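Annotated domain 'Siderophore-interacting FAD-binding' per TrEMBL: 1-106, in sequence order. Per TrEMBL, the feature domain 'SIP-like Rossmann fold' maps to 118-232.
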Amino acid sequence: MIRVTLGGGDLDRFEYTGFDQWFRLAIPVRDSDRLDNLPQRFGFGGLLKFMTLPKGTRPMIRNYTLRQYDPATGEIDIDFIVHGTEGVAGPWASSVEPGAQIALIDQGCGWAPVPAGKHLIVADESGMPAALGILRDMPRDADGDAIIELFDDRDRQDVDAPEGMTVHWVIRDPDSAPGTAALPALRELDLAPSLYAFAVGESAVATGVRRHLVNDRGVPKSNVTFCGYWRVGKASPG
């Protein structure tokens with residue numbers, strides 16, 4: 001995992017909301033790629049505008065979650081998972097030098113809790129920035145559990161969580177599929193149906209958590225926010 005700090009430029013326009021705030025990261029991979037004509041948001045209209053730009057000028061777009069924001073400097077940190085030379089964002093993070101330009105398109109937050117007695121957060125390493133951001137910004141009287149699955153224990157980070165939130169770090173075999181540690185850990189928890197759950201990471205992790213909570217624990221579908229950030233064996237579209 002590599003952390004990249006961004007600063008300067010138009011970051012003084014960045015509106016920090018905390019929790020699992022995420023954005024589209026526009027990464028120039030060719031000299032012809034432009035960052036000055038991108039849409040301000042990536043809803044349907046923004047996506048349509050982006051797709052009508054000349055293909056030879058469109059940067060690669062990847063989704064990332066803010067890890068830290070420093071209000072004193074206006075700088076933000078982003079954590080990248082790197083798998084050698086695979087992909088776009090990981091190699092960029094591994095080789096980027098000070099002064100390089102990049103663009104962010106803010107997309108807000110996915111965390112949308114409903115009134116509930118308990119909270120549950122489940123994430124793999126790709127969802128760890130979201131999980132840790134939510135734990136940091138939750139009300140201090142929040143109660144519940146967070147399960148964070150990693151394939152390398154060295155990627156574990158410090159947690160600023162409410163006293164009532166128990167954080168479970170689980171490590172899967174590096175050769176095993178995402179979720180092989182988090183889902184069994186989830187099944188071992190004593191959970192009440194009256195909870196709000198947030199599950200993010202590899203697609204099978206997010207959908208597996210939701211399926212277990214709804215089908216086996218009786219949690220209402222409306223009480224579960226889930227999102228697959230990526231899928232094993234499938235590259236993100238550019």
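Each residue, glycine too, has its Cβ placed from N, Cα and C.
The helix, strand and coil residue counts that DSSP assigns across the domain 'Siderophore-interacting FAD-binding' (1-106) are 21 helix, 30 strand, 55 coil. Looking just at the domain 'Siderophore-interacting FAD-binding' (1-106), the mean pLDDT is 92. Taken through DSSP, the domain 'SIP-like Rossmann fold' (118-232) splits into 40 helix, 38 strand, 37 coil.
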